[in-house]
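Participant: Pulled these features from Swiss-Prot for this protein:
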BINDING   Cys60, Cys63, Cys66, Cys110  [4Fe-4S] cluster 1 binding site
BINDING   Cys70, Cys98, Cys101, Cys106  [4Fe-4S] cluster 2 binding site
BINDING   Cys138, Cys146, Cys149, Cys192  [4Fe-4S] cluster 3 binding site
BINDING   Cys153, Cys182, Cys185, Cys188  [4Fe-4S] cluster 4 binding site
DOMAIN    50-80  domain '4Fe-4S ferredoxin-type 1'
DOMAIN    88-120  domain '4Fe-4S ferredoxin-type 2'
DOMAIN    173-204  domain '4Fe-4S ferredoxin-type 3'
Amino acid sequence: MAKPKSPSRRELLTNGVKAAGVTCLAGLALTAYVESASKAEAKALRPPGALPEDDFLAACVRCGLCVRACPYDTLRLAEMGEEAPLGTPFFVARETPCFMCTDVPCAKACPTGALDRDIPNIRKADMGVAVLVGHESCLNYKGITCSICHRVCPIRDEAITLEVQTIKGRRMVIPTVHSDKCTGCGTCEKHCVLGQAAIRVLPRELGLGGRGRNPAGRAV
């Protein structure tokens, strides 16, 4: 059997340069991705007590302690391609909402102050705001009374109320979000009976309209 031919020094150098080039390009791509993600419009829901997004990103060290402290596995660290900058904590309301622990263990676990450890009351948390985005799909707008989002709301009759409205000559019971009371916990979105939730929780700066009104029509 012929002895395998050993690669020449030139081949070794060439392969080494190619590998270094690939590694360099991958590193540049990752750096560009992280930079672009950090500058992207905030779309992720942050843990309770989070600082304003820019301050939060500056203070968060991506340690994951808040994720480990959450007893309901609500929080997770963002992976590449997700809606939050890489390694930062966020949650997806449709999957697992915030259960609004009164002792706020996630915030207390934060070592840098990216989450306010002295948040006085979980009801003062500002994770986002619920918005009725699917008027055409919401059962109430079809004349079918559905009160799921109202019934599951942990601040029922304050954050979400049911109001009788006359729409196109028909009296309907419509869920109405009061943005000054909503914490953005996401329980309403989680339990919406539709395949694609008609009510969604968005970061407050996205969920509120330009004139200080919730897109559903409620004043801030």
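Quick reminder: no glycine exception, Cβ is built from N, Cα and C everywhere.
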Participant: Six or more residues beyond either end and a Cβ under 8 Å away: which residues meet both conditions relative to the domain '4Fe-4S ferredoxin-type 3' (173-204)?
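Facilitator: Apart from its flanks, the domain '4Fe-4S ferredoxin-type 3' (173-204) reaches 42-46, 48, 53, 91, 93-100, 122-135, 137-141, 145-150, 152-155, 158-165, 167, 214, 216-218, 220.
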Participant: Which sequence positions outside the domain '4Fe-4S ferredoxin-type 2' (88-120), separated from its termini by at least 6 residues, show Cβ-Cβ distances below 8 Å to it?
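Facilitator: Beyond its ends, the domain '4Fe-4S ferredoxin-type 2' (88-120) has Cβ neighbours at 44-51, 55-57, 59-78, 82, 127-128, 154, 183-187, 189-190, 197, 200-201.
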Participant: Starting from the Cβ of Cys63 ([4Fe-4S] cluster 1 binding site), draw a 10 Å sphere and report how many other Cβ atoms land inside it.
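Facilitator: Other Cβ atoms found within 10 Å: 16.
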Participant: How many Å separate the Cα atoms of Cys153 ([4Fe-4S] cluster 4 binding site) and Cys98 ([4Fe-4S] cluster 2 binding site)?
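Facilitator: With distance taken Cα to Cα, Cys98 ([4Fe-4S] cluster 2 binding site) is 11 Å from Cys153 ([4Fe-4S] cluster 4 binding site).
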Participant: Looking at the binding-site residues listed here (Cys98, Cys149, Cys185), whose Cα lies nearest to that of Cys63 ([4Fe-4S] cluster 1 binding site)?
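Facilitator: Closest by Cα distance to Cys63 ([4Fe-4S] cluster 1 binding site) among the binding-site residues Cys98, Cys149, Cys185: Cys98.
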Participant: Going by Cα-Cα distance, pick out whichever of the binding-site residues Cys66, Cys70, Cys98, Cys149, Cys192 is nearest to Cys185 ([4Fe-4S] cluster 4 binding site).
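Facilitator: Minimum Cα distance from Cys185 ([4Fe-4S] cluster 4 binding site) across Cys66, Cys70, Cys98, Cys149, Cys192 lands on Cys98.
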Participant: Looking at the binding-site residues Cys66, Cys138, Cys146, Cys149, Cys188, Cys192, which ones sit with their CA no more than 10 Å from the CA of Cys106 ([4Fe-4S] cluster 2 binding site)?
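Facilitator: Checking each Cα against Cys106 ([4Fe-4S] cluster 2 binding site), the hits are Cys66.
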Participant: Round to the nearest Å and give the CA-to-CA distance linking Cys60 ([4Fe-4S] cluster 1 binding site) with Cys146 ([4Fe-4S] cluster 3 binding site).
Facilitator: 40
Participant: Could you state the whole-number distance in Å separating the C-alpha atoms of Cys138 ([4Fe-4S] cluster 3 binding site) and Cys70 ([4Fe-4S] cluster 2 binding site)?
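Facilitator: Cys70 ([4Fe-4S] cluster 2 binding site) has its Cα 32 Å from the Cα of Cys138 ([4Fe-4S] cluster 3 binding site).
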Participant: Give the sequence-ordered list of residues that share a chain with Cys101 ([4Fe-4S] cluster 2 binding site), lie 6 or more positions from it, and have CB atoms under 8 Å from its CB.
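Facilitator: Same-chain residues close to Cys101 ([4Fe-4S] cluster 2 binding site) (Cβ under 8 Å, separated by 6 or more) are Pro71, Ile122.
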Participant: Summarise the domain '4Fe-4S ferredoxin-type 3' (173-204) by DSSP state, stating how many residues are helix, strand and coil.
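Facilitator: Taking each residue of the domain '4Fe-4S ferredoxin-type 3' (173-204) in turn, the totals are 6 helix, 9 strand, 17 coil.
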Participant: Just name the most isolated of the binding-site residues Cys60, Cys182, Cys188, going by other Cβ atoms within 10 Å of its Cβ.
Facilitator: Cys60
